Amino acid sequence: MVDWHLIKEMKPPTSQEEWEAEFQRYQQFPEFKILNHDMTLTEFKFIWYMEYSHRMWGRLVGLTYILPAAYFWRKGWLSRGMKGRVLALCGLVCFQGLLGWYMVKSGLEEKPDAHDIPRVSQYRLAAHLGSALVLYCASLWTSLSLLLPPHKVLGASSLIPIRTEDVVWLPETRQLLWLRRFAHGTAGLVFLTALSGAFVAGLDAGLVYNSFPKMGESWIPEDLFTFSPILRNVFENPTMVQFDHRILGITSVTAITVLYFFSRRIPLPRRTKMAAMTLLALAYTQVGLGISTLLMYVPTPLAATHQSGSLALLTGALWLMNELRRVPK
């Protein structure tokens, strides 16, 4: 799909003539001329419907946010604070759609100085993924805050959690404060690692060194700083991008492991312990998926599972953060 119309494109081509016209428009762009010059109409329909499904799903997500929000607002069921959250979430949904087209457009532009295959900008891909992750995190946090009963905080003199019929009392101690801060930092690290995956995908960086734990024959490859200036390597050099993603992944799983064992030293409610244990299990599952994806030369189903795993891991981190949150007085 080489153009974007909010309403018009919702109806796919229905006749042979319409499909051929759509295919001819695609043939005018670098992706066909350089990469897919031998593509048939049947193959074109497959990638067209992949993009079409993604766009229609995005519209459905938008309606799922906006229509209930408008109904609840009209009924007066939203508090003042919740109205602000709802407006922010709906704004993020609209922004995400516009950013998606801005990303796709980068893959259709002529780039006379480029010597690589046509691809979308890794910067715009990372922005699109980052926006989606922010929208997801904000939605999940709001949902958890509304649906799960909070842990109300007692003074530091309390030594064990006390469960009542409607709330769980979480003792406020110096250790708990440090655990909460550590959980926040770990969640940020998980977010950054997931975001770095966009640069791996955008540059096909998963295909440059398909070995683990070493990269080829060495721990630190020689071509980390091929580009100049040096900062370009962080975002444009596939070797550096994969190296950074490895380091971030290893750091994330290490932090989660430390966080889990730190949490075991503190008397916590059962639900909070379950969140910490789930996060640990998700972290090691994600590491296994990442290494397998790399060693098997990035098969699409496994790569998609690894990408989904990053969202599951981020969900676990947010859940634990929410369990440890301080309830305002």
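Using N, Cα and C of the backbone, Cβ positions are placed for all residues, glycine too.
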State the residue range annotated as transmembrane segment by TrEMBL; the candidates are 34-51, 304-321.
304-321
So which residues does the transmembrane segment (274-298) touch in its own chain, when a touch means Cβ under 8 Å and the partner is 6 or more beyond its ends?
204, 206-207, 209-212, 249, 252-253, 256-257, 259-260, 263-264, 268, 305-306, 309-310, 312-313, 316-317, 319-320, 323
Sort out the residues at least 6 away from either end of the transmembrane segment (189-209), same chain, that have Cβ-Cβ distances under 8 Å to it, and list them.
119-122, 125-126, 128-130, 133, 137, 215-216, 221, 235-236, 238-239, 241-242, 244-245, 248-249, 251-252, 255-256, 293-294, 297-298, 303, 307, 310-311, 313-314, 317
